[in-house]
Ligand code: NA
Ligand code: NA
């Protein structure tokens, strides 16, 4: 019998921890499969992998939850600020009954099966100025670069800032020249893009637990034997657990290394930020599509 | 008489196509200026200008290539094509036109399928459905097929591709 | 590689269609469709890659806007005023205007991070200045404009260096500094070549300007001369991003042409817009065509095949650098630069690191290499763009590029074997300390 071919596409680079994760996954599923990984958005551009999966041009992808919420509005709850407390909370949710329901929804509506959440770091606000930030009010007027699109810009507002879109590749120069006052990214990105060279402080707002979804197209999934499905799911679980652990370790090391480089790193009044953000989200149109009571159930997990 | 009025209509249409393509570039320029002004002067960053410019760029390239750019204005590798005789260029023009017609034609159903599939996605700011935004590709593909059928027809009829230069064709009008 | 494989056949078909005169962007689309058909893949991918590739490449938008800026400058009297001023500056030297093209590229390199934007933008202006009244042949002017535009992304700001930083984790700040000396070195070598040819070919000397005319000519050109200063100022004070600076350039050109020089009629303005539109559309088709073909190269796993080969050989750092140079130069002849940077270079970076090669040094060598690929035939984007702008046959442009190419290879050799040329400035700023 022919090997099952799995083409996988992701935006992260081949040097990323998550590329290592996929290698572990490929080893885990064994030689019944022919795994081909494409990294750095070389095969499909950021945000276009989902349609590629749906159209059968890709077997697996690392998909942002924002992309799923484009087609399944209920999913937008999973992209809101201060929803998950940390990586463990995120994993707990996806392992829970609630998580199963959300995954089922994606499978029914999009024809893609979510294998698990791939944590890639907690988003923190990095600023060029050395003005101390304690509450959302302190963020007023700060030109904070956020990724393009309404939902991201809304997240910036929920932090109390003046969000501005800018191409990721332009952020370094933008900070250097003052076109923007700050950016929000997980610490590993700050390291990769050398943003720390042009920032003076990192406010540990932890406003969003950054994660993507390791997904497989339902077509591919349904053609597998139950044993193979089991094998794929187990390999995914193990690889994801390893990757999450690596990321947490890296975040800790990076915070220390940035401090050593002279950046001011501190935690603001998180309760004030959480209260402000959740209130704004609940009052917005976005919340209208959220499953009834889900936010409380997630908070209670 | 008939052919001259047909040519007249054709040229009129081309001028309107030029107007539209120019409007796209002008709008792109204005969107950029608004973006700078809103962020720097008013401290009110806006995102839709970003999206609008990218969409206009795609439309400009596809619409422009389909209806505005003339054969003689295309970027081509003219190492062999340039010095070739009229007769040779007729053959070359026919071969390339046939290849393009066949390949664009064969891929057209799949292309239409992709573009219509994109109805499931909306743009981030203006919330425009992607099948609308991307529909211009279908227009482009069909226009190219028609255009190259015309080029191939002229080549068979004995007219070398370079002679199909609307600049010359319209000079008498 | 199997000669009857879909990939080989599509490569042959693209080459054949391009040689037979099909516009290059369309040839790449046709070849890619053929590949998808033969490989049994979804042919809708050709639209998918075209559209999403263009949709997510925001920086390319600088291209049409720089073209527009240049068209406006050409239509008003800016070019003419700059030309007069250049006469004052270097007209008295043999081949003075050609030297101006080089100096101008250094100045524009400081404003733009893309060689294509340089050639399509300021390059168009230089092309017109040089060929006006038959001073230089269109092909020589086009060749010079192409080779000088190469400096654009070597001297900061630089889009390719940012992309390299992304795939290598090297510091963007130091990479930018590292590009300065190699960029200037390349320009100095080009100046030497121009001076030599000027003497041999008796290039035109512009008429000496009477001393009393100089202040007036300078004053008349002053607003135009301020353009790089204003643009640089706007970029470095954060008024605009480098991409937006292209729009600002067009705006500034419009304001001084209409407001200050009162030399741009509505009809001329529309004409400038129309020419920019057409040029943008045909250049955009070329970029999109290479984006689509890039998909074919990626799905064929060409990068991985290459990496497997590398592991088998055991090389010294110098041997490795020579090999990378040869490979990238060869690939540069047939592939698009960004594709090489994003697909091929990541394959080399881990090996370079393992061999103890400085990644900032390696980055500049790689980017200079890829920039040379823009002017090496048969596939050199700058050559095509200058063909489009100048109307000169591509083979004449290639012929006139040859002496410059020689010196650019010399420059590449120097920075490959003497890392100090590259690393001196970053070290002054604290790199590796
Ligand atoms: Na130049
Ligand atoms: Na530059």
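Placed from the backbone N, Cα and C atoms, the Cβ positions cover glycine too.
TrEMBL annotations: computationally assigned, not manually curated.
Under the heading transmembrane segment, TrEMBL lists B:20-42 (among others).
Each residue in the domain 'Tripartite ATP-independent periplasmic transporters DctQ component' (B:28-156) has a pLDDT score, and their mean in this model is 90. Residues annotated as domain 'Tripartite ATP-independent periplasmic transporters DctQ component' in TrEMBL: B:28-156.
Residues annotated as transmembrane segment in TrEMBL: B:54-70 (among others). Beyond the transmembrane segment (B:54-70), the same-chain residues lying 6 or more positions past its ends with a Cβ under 8 Å from any Cβ of the stretch are 14, 17-18, 20-21, 24-25, 27-28, 31, 123, 128, 133-134, 136-137, 139-140, 143-144, 147, 165-167.
Marked as transmembrane segment by TrEMBL: B:91-112 (among others). Through the fold, the transmembrane segment (B:91-112) approaches residues 80-81, 84, 137-138, 141-142, 144-145, 148-149, 151-152, 155-156, 160-161 of its own chain, all at least 6 residues removed from its boundaries and within a Cβ separation under 8 Å.
According to TrEMBL, the feature transmembrane segment maps to B:132-156 (among others). Same-chain residues lying 6 or more positions outside the transmembrane segment (B:132-156) and placing a CB less than 8 Å from one of its CB atoms are 55, 58-59, 62-63, 65-67, 71, 90-91, 93-94, 97-98, 100-101, 104-105, 107-108, 111-112, 115, 118, 123, 163-164.
Sequence-remote contacts of a segment are chain residues at least 6 beyond its ends whose Cβ falls under 8 Å from one of its Cβ atoms, and for the transmembrane segment (B:20-42) they are 49-50, 52-53, 56-57, 59-60, 63-64, 67-68. With DSSP states grouped into helix (H, G, I), strand (E, B) and coil, the domain 'Tripartite ATP-independent periplasmic transporters DctQ component' (B:28-156) comes out at 104 helix, 2 strand, 23 coil.
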